[in-house]
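S.K.: My questions will all concern the structure given below.
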Amino acid sequence: MRIAFTKMHGLGNDFVVLDARDAPIPEIDAVAAAAIADRHTGIGCDQLVLLEPSSMADFRMRIFNADGSEVEACGNATRAVGLLHGSAARIETLGGVIAASPAQTGIAVEMGHPRFVWDEIPLAYPMDTHAMPVAWEELADPIAVNVGNPHAIFFVPDTAAVDLARLGPEIENDQLFPERINVNVATIVSRQAIRLRVWERGAGLTRACGTGACATAIGAMRRGLVDRKVTVKLPGGALSIEWREDGEIVMTGPAAESFRGDFDAAAYGLFEFGTAG
Ligand SMILES: N[C@@H](CCC[C@H](N)C(=O)O)C(=O)O
């Protein structure tokens with residue numbers, strides 16, 4: 001059996017998208033997701049995205065990191081899937097129902113409302129998430145924000161000077177974060193602009209992280225450092241993030257399709273229905 005896929009990206013954060021909305025495909029587990037995402041022996045991507053029917057929205061989007069872990073949210077993938085769908089859509093995710101629609105500058109996504117309480121992040125024990133009294137070398141006093149998925153944000157003088165490849169995994173896997181964490185290092189450029197690099201939970205350094213941009217913008221707004229609408233500049237390009245007065249986060253930016261193909265299901269341990277196990 002062959003399974004069709006679409007390779008897509010949002011600012012260089014890349015995805016293998018499998019569309020099972022109309023015709024089911026074999027169940028994707030963590031092992032298969034990691035194998036497909038592998039850049040040496042698989043197709044290669046930061047996240048595997050699986051579209052399925054939904055009873056509460058237009059369709060369901062499941063997201064697997066490159067390490068196989070299934071997660072709640074992915075901003076860039078939501079824009080990519082919005083582009084693939086071609087019109088406005090309500091999308092069920094593990095993080096809640098979100099809405100994507102075509103916009104002048106790409107795809108706009110209503111990402112939901114941010115959460116700040118320690119057990120909503122989640123943290124291992126109670127702590128003020130607005131100014132956390134913790135540090136990993138020069139990375140200190142982060143803000144924690146959950147925008148569907150968990151983020152820690154460190155404001156630093158120069159994002160390029162941070163050894164994120166070394167400190168990122170240390171913080172991601174710290175026992176303070178029982179579900180691990182996405183690690184953001186950000187520099188305030190002006191009241192309308194932020195520079196950002198992200199170590200993603202389960203995927204490592206990526207060219208861009210949409211939820212990281214949302215969480216960082218909200219963290220900077222909470223600290224009074226920027227206005228309620230900002231441009232977040234990532235290595236792969238820029239996103240516009242607005243925190244509306246009604247509490248909704250709106251992320252707007254580009255997405256693109258790279259190519260389409262198909263793969264042999266058995267090569268990833270996926271078997272036709274009724275033949276698995
Ligand atoms: N690249 C994504 C985030 C993907 C999930 C994240 N690594 C997590 O584990 O929460 C984005 O654009 O938001």
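Note: Cβ is positioned from N, Cα and C throughout, glycine not excepted.
Below are the features listed in TrEMBL for this protein:
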type	residues	note
BINDING	N13, Q47, N65, G75, N76, N149, N182, E200, R201, G210, T211	substrate binding site
ACT_SITE	C74	active site, proton donor
ACT_SITE	C74	active site
ACT_SITE	C209	active site, proton acceptor
S.K.: Write down the Cα-Cα distance for C209 (active site, proton acceptor) and N65 (substrate binding site), rounded and given in Å.
M.R.: 12
S.K.: Could you measure between R201 (substrate binding site) and C209 (active site, proton acceptor) for me? Cα positions, answer in whole angstrom.
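M.R.: One finds 11 Å between the Cα atoms of these residues.
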S.K.: Any idea what the Cα distance is from N182 (substrate binding site) over to C74 (active site, proton donor), rounded to a whole Å?
M.R.: 11
S.K.: Report the same-chain neighbours of T211 (substrate binding site): residues 6+ apart in sequence with Cβ closer than 8 Å to its Cβ, ordered by sequence.
M.R.: A73, C74, G75, M111, V147, G148, N149, H151, N182
S.K.: With every protein chain in view, what's the tally of Cβ atoms within 10 Å of the Cβ of N182 (substrate binding site), excluding that atom itself?
M.R.: 28
S.K.: Take the C-alpha atoms of C209 (active site, proton acceptor) and N13 (substrate binding site) and report the distance between them in angstrom, rounded.
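M.R.: For C209 (active site, proton acceptor) versus N13 (substrate binding site), the Cα atoms are 7 Å apart.
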